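Take a look at the structure below.
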Amino acid sequence: MDHFNYVDGVLHAEDVPLTRIAAEVGTPVYVYSTATLTRHFKLFQQALDWTDHLVCFAVKSNSNLAVLKLLGDLGAGMDIVSAGEYARAKAAGVPGERIVFSGVGKTAAEMRMALEGGIRQFNVESEPEMELLSQVASSMGVTAPIAVRVNPDVDAKTHEKIATGKSENKFGIPIAKAREVYARAAALPGIEVVGIDMHIGSQLTDLEPYRLAYAKMAELTRALRADGHDIRRLDMGGGLGIPYRRDNNAPPLPIEYGQVIRDAVGDLGCEIEIEPGRNISGNAGILLSSVIYLKEGEGRDFLILDAAMNDLIRPAMYSAHHDIVPVVEQAPGAPVAPYDVVGPVCETGDTFEKAVELPGLGAGDLVALRSAGAYGAVMASEYNSRPLVPEVLVNGDQFAVIRARPTLEEMLGRDTIPEWL
Ligand SMILES: Cc1ncc(COP(=O)(O)O)c(C=O)c1O
Ligand SMILES: N[C@@H](CCCC[NH3+])C(=O)O
């Protein structure tokens, strides 16, 4: 459920008509709903209310400071993967003890930054990383709390570019090697083992891969405890999928996912962490865009939007579907026609979707691309020297620009022409 609904024939974000945001901020623009973000976060809290837990929002899915502050103030932890994301989480007021550092390529500088500023745990993904972390921590006179990310070799049944839990993926250490790696960790002076971590992929729409992976997690917890390690925390990762179509079967709910976790590891007495991103932010946002031209082609008509692949790359990158809907609803029974909905960027791949059935639209009309709150703005670029897309947050009947559209002067001002040219 989200908070983008038609009221009197106009699509609203909560109580704000999208026509108003378009008029005041311009398009293209991302629009997020406070109510949806809050609701989704609380669903995960409830799903784990049977135990000590921390819901760490995956910052990579939406890293706007206002979004992070909203979730942080609700009690969220943050799952981060870079110095930049660490800095964002801190700037949004999230304390270090609620920040988990994931990622396969942490640098010494990033480790130092997190150890200085405070960190809940590093999710270590390889032995070389663990050795380096131990050195960095020892040189600072501290120990680094870690969970080792294990790769359970489970097929997450999702898009191949976002599956992470198969042995051929770069993530984690093979689960079969885990006892050896934990033995090494215990011997390192700068490392303190606190738990185990796992994340098998994104946009999972079936709970079975989680069941398989979490059964292996439970077995490993017992084995490591028998080896003498103090496994007190289990990070179960993120990845729960969302409905991208209003008409399809909804993926499992957070409460069902929470039950899978409970069934698998609930008897181990561990604190549970999860790292959902998309499920919290995805359906909390839309990309609002205007039609620039309706162009008649041979055998097809193109709706050329002012949003493009640089603003929302998911269709071009993963052939992902986003529902595209008119902001001003047409009268019931109004004729619809198929349009190829495209952006202005000079690539054929700059196509949001082909043959979308839409009512007659023309220049200046507004459309919304739904389910764009996750992996939308964060993956945007300035390709074709298009200004980075702005973001707006709605709360009831008010809204605020939470990232402004840069001016052309600001864009030009970032480059330097050396004086010797
Ligand atoms: C380590 C880690 N945690 C959490 C996530 C969040 O995934 P999602 O947005 O699918 O919940 C990801 C991305 O797949 C990830 O790589
Ligand atoms: N960027 C991907 C998700 C990546 C998940 C990263 N761990 C998407 O848009 O679906």
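Just so it is clear, glycine is given a Cβ too, placed from its N, Cα and C backbone atoms.
Nobody curates TrEMBL annotations by hand; they come from automatic prediction.
Taken together, the residues in the domain 'Orn/DAP/Arg decarboxylase 2 C-terminal' (30-373) have a mean pLDDT of 96 on the 0 to 100 scale. Annotated domain 'Orn/DAP/Arg decarboxylase 2 C-terminal' per TrEMBL: 30-373, in sequence order.
The domain 'Orn/DAP/Arg decarboxylase 2 N-terminal' annotation in TrEMBL covers 35-281.
The N6-(pyridoxal phosphate)lysine feature in TrEMBL is assigned to Lys60. Cβ environment of Lys60 (N6-(pyridoxal phosphate)lysine): Asp79, Ile80, Val81, Glu85, Gly277, Tyr375, Val378 lie under 8 Å away, each six or more residues apart in the same chain.
The Cβ of Arg278 (pyridoxal 5'-phosphate binding site) has Ala58, Ser61, Ser202, Gln203, Gly238, Gly239, Leu240, Gly241, Ile242, Ala374, Tyr375 as same-chain neighbours under 8 Å, each 6 or more residues away in sequence. Annotation comment: TrEMBL describes Gly239, Glu275, Pro276, Gly277, Arg278, Tyr375 as pyridoxal 5'-phosphate binding site.
Tyr375 (pyridoxal 5'-phosphate binding site) falls outside any helix or strand according to DSSP and counts as coil. What TrEMBL lists as substrate binding site is Arg278, Arg314, Tyr318, Glu347, Tyr375.
If you look up TrEMBL, you'll see Cys346 marked as active site, proton donor. In this structure, Cys346 (active site, proton donor) belongs to neither helix nor strand by DSSP; it is coil. Within 10 Å of the Cβ of Cys346 (active site, proton donor) there are 9 other Cβ atoms, across all protein chains.
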Neighbourhood of ligand 2 - binding-site residues from Glu275, Gly277, Arg314, Tyr375 with Cβ under 6 Å: Arg314, Tyr375
Local Cβ density at Tyr375 (pyridoxal 5'-phosphate binding site) - other Cβ atoms counted within 10 Å: 25
Where the C-beta lies under 6 angstroms from ligand 1, the matching recorded positions among Arg314, Cys346, Glu347, Tyr375: none
Pyridoxal 5'-phosphate site span - longest C-alpha distance across Gly239, Glu275, Pro276, Gly277, Arg278, Tyr375, in Å: 15
